[in-house]
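A.B. asks: In case it's useful when we look at the structure, here is the feature table from Swiss-Prot:
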BINDING   HIS17, HIS19, LYS103, ASP251  Zn(2+) 1 binding site
BINDING   HIS19, LEU20, ARG21, ASN45, HIS140, LEU223, HIS255, ALA267  substrate binding site
MOD_RES   LYS103  N6-carboxylysine
ACT_SITE  ASP251  active site
Amino acid sequence: MTAQPQALKIRRPDDWHIHLRDDDMLKTVLPYTSQVFGRAIVMPNLALPITTVAAACAYRDRILAAVPQGHDFTPLMTCYLTNSLDAAELVNGFEQGVFTAAKLYPANATTNSSHGVSDVKAIYPLFEQMQKIGMPLLIHGEVTDAAVDIFDREARFIEQVMEPIRQQFPELKIVFEHITTKEAAQYVQEGNRFLGATITPQHLMFNRNHMLVGGIRPHLFCLPILKRNIHQDALRKAVASGSDRFFLGTDSAPHAKHRKESSCGCAGVFNAPNAIPAYASVFEQLGALDHLEAFCSLNGPRFYGLPVNTDFIELQRVATTQPEEIAMGSETVIPFLAGESLSWSVKA
């Protein structure tokens, strides 16, 4: 029997999907990301969405001002696509190096997505421009038709929206974000080099039974919602395969405790404090620790055409109990796996 490794050294990872929020929440949550990750794709769905170069620059400045001294972190900004977005603004932002990618939210699919796109085909001209300049499209892949069951919305999105986009724009770089189903995993695996996907730690570790059996666990509620175990298993097999189509995207999405624990709680899991140890635990369970570095640190930069980070982090086999809550002024935020123990930790 092979001895278990006591330490792992991997190239510094990047987070290809994160919500940093703004104001006090930004200042509270950012250090958990900036101390471990070199870069992060920052979601643009603030209360006032990021739809202009000026707004992206201002938000980037607020993020950089909140980075603790000694952390070397680069936020990668995204543009929120709307029905009326000016193509010139999108192109200029990308060519100036302000926008790294553009984000497609189907209207009302998730938090702060009411400004999202109601008719995807109406913004095909934007996709044409993006394909021409090599700008990646990041997609929250769920239909929002009220007649479609919430557990079926991702699979339905593939046939109704994703495949038509890819047929029309075969060389448009697309990230199918936070995939949650066996259909999505298979679709990405069978795709080409223009299609990639991010996978969160919660969708690898849990399924809907964990959220709903024996009482509702609101801090596991996120969108896309946790699915049944056959889908969880498909995601685990996808990352264990070593395929370079899949890469790290935490979708860390913090909300104040009272907004999660309410009669109509918000969707989002705040996993930034322990994402890397959580991923490491999953990869170890799958006997796939040799693929952890590629998933965390190599596949994403390769897809985006960016250099990999030059420095490294070290994980240690030190069991660590996760905090029950994190203070944010007079409020608190509940982290992923609160009060539970993980067998890996990132060396400070």
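Glycine is no exception: its Cβ is also placed from the backbone N, Cα and C atoms.
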A.B. asks: What is the interatomic distance between the Cα atoms of HIS17 (Zn(2+) 1 binding site) and HIS140 (substrate binding site), given in whole Å?
C.D. replies: 11
A.B. asks: Using only C-alpha positions, which one of ASN45, HIS140, LEU223, HIS255, ALA267 is spatially nearest HIS19 (Zn(2+) 1 binding site)? These are the binding-site residues in the record.
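C.D. replies: Of all the candidates listed, ASN45 is nearest in space.
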A.B. asks: From the Cα of LYS103 (Zn(2+) 1 binding site) across to the Cα of HIS140 (substrate binding site), what is the distance in angstrom?
C.D. replies: 8
A.B. asks: Within 10 Å of the Cβ of LEU223 (substrate binding site), how many other Cβ atoms can be counted across all chains shown?
C.D. replies: 20
A.B. asks: Determine which residues of the same chain, besides HIS17, HIS19, LYS103, ASP251, have their CB within 8 A of the center of the CB atoms at the recorded Zn(2+) 1 site, and list them by sequence.
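C.D. replies: Nearby residues not in the site list: ILE18, ILE41, MET43, ASN45, LEU138, GLU177, HIS178, GLY249, ALA253.
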A.B. asks: How many whole Å apart are the CA atoms of ARG21 (substrate binding site) and ASP251 (Zn(2+) 1 binding site)?
C.D. replies: 12
A.B. asks: Measure from the Cβ of LYS103 (Zn(2+) 1 binding site) and count the other Cβ atoms within 10 Å, all protein chains considered.
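C.D. replies: Counting Cβ neighbours of LYS103 (Zn(2+) 1 binding site) within 10 Å gives 26.
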